[in-house]
Amino acid sequence: MSKPVVLSGVQPSGELTIGNYLGALRQWVKMQDDYECLFCIVDLHAITVRQDPESLRKATLDVLALYLACGIDPEKSTIFIQSHVPEHTQLAWVLNCYTYFGEMGRMTQFKDKSARHAENINVGLFTYPVLMAADILLYQANQVPVGEDQKQHLEITRDIANRFNALYGDLFAVPEPFIPKAGARVMSLLEPEKKMSKSDENRNNVIGLLEDPKAVAKKIKRAVTDSDEPPVVRYDVQNKAGVSNLLDILSGVTGKSIAELETEFEGKMYGHLKGTVADEVSAMLTTLQERFHHFRNNEALLNDIAREGAQKARERAKATLDAVYQAVGFVSL
């Protein structure tokens, strides 16, 4: 029996954070034995916001090296760079013609990003969800690991797939969301009511995977908790967002349950919690960065992995695109 197909990807824009690691990359590693996994670096999506060309090239290879450092195995998974597979944009054009203007206008991420980048509200930003739909449908993905901020885009992907299938038969698998039960949402250190974001301009909110572990430890020790007297280390997202975020991070890094951590820190000060989180995260980053540099310093290996991954991805992508072109009436040669 064939394994379910899973596809996911990360933009090479901004340094990846511990939120990307705990919420995505580490979850992907666990999926490799049970699913047929395709993991891409979505550089086409990245240019919806202006990028420095050299920085984008460097960041793309950085992300590839981080994939490998985290344990994503090219022998088990297909790892590729989005722009190396032209079928993504070819399918996206066809899907654009089966997607309505009003549907795109309702996308909350477009509204958010266009407000932040008012000087560059481009058509690519507007149709971003259609390219994302093409990314997913091209590989007949059954499940897509998504965070809360991408659920709306997966819903429009399902709508497009169902619309196309109703017209032309069951050409596309209709994907389901895969939302992990734990580690899916790491919050900002200083503003724990909002998600940690690699694009946050206040870098004290963010734990970057490639940051100096000592600098990260200092950030964690300055993280927001609360003013309860006496201090109570308890998981309560509504009333103790900062403490809950630190517990989530510590649970993700150590593998201990929230209940175990609450018992461990019963009667202790917030400084004790912060110190433990800082030590555990610093140790994890040190190990991860050693593995990262091992791969990043071998650019020939990275290029080989990207090339082989693109070849494997294109085999699957071409089969889907050929079927779509046949369905809509294009002449084949």
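Cβ atoms here come from the backbone N, Cα and C positions, even for glycine.
Residues or ranges marked as ATP binding site in Swiss-Prot (evidence: sequence analysis): GLN11, PRO12, SER13, GLY19, ASN20, GLY147, GLU148, ASP149, VAL186, LYS195, MET196, SER197, LYS198, SER199. Counting only same-chain residues at least 6 apart in sequence, those with a Cβ under 8 Å from the Cβ of ASN20 (ATP binding site) are VAL10, LYS198, LEU209.
Sequence annotations record features per position, and here Swiss-Prot assigns L-tryptophan binding site to ASP135. Sequence-distant contacts of ASP135 (L-tryptophan binding site), defined as residues of its own chain at least six apart whose C-beta falls under 8 angstroms from its C-beta, comprise LEU7, GLY9, CYS40, VAL42, GLN82, HIS88.
Sequence-remote contacts of a segment are chain residues at least 6 beyond its ends whose Cβ falls under 8 Å from one of its Cβ atoms, and for the motif ''HIGH' region' (12-20) they are 41-43, 46, 49, 51, 56, 59-60, 62-63, 66, 185-186, 195-199, 206-211, 249, 252, 281. The motif ''HIGH' region' annotation in Swiss-Prot covers 12-20 and rests on sequence analysis.
Helix first, then strand, then coil: DSSP counts for the motif ''KMSKS' region' (195-199) stand at 0 helix, 1 strand, 4 coil. Taken from Swiss-Prot, the feature motif ''KMSKS' region' covers 195-199, and the record attributes it to sequence analysis.
Under the three-state DSSP scheme, ASP135 (L-tryptophan binding site) falls in the helix class.
When the motif ''HIGH' region' (12-20) is classified with DSSP, helix, strand and coil residues number 3 helix, 1 strand, 5 coil. Residue density at SER13 (ATP binding site): 21 other Cβ atoms are found within 10 A of its Cβ, drawing on all protein chains shown. Mean pLDDT across the motif ''HIGH' region' (12-20) comes to 90 in this model.
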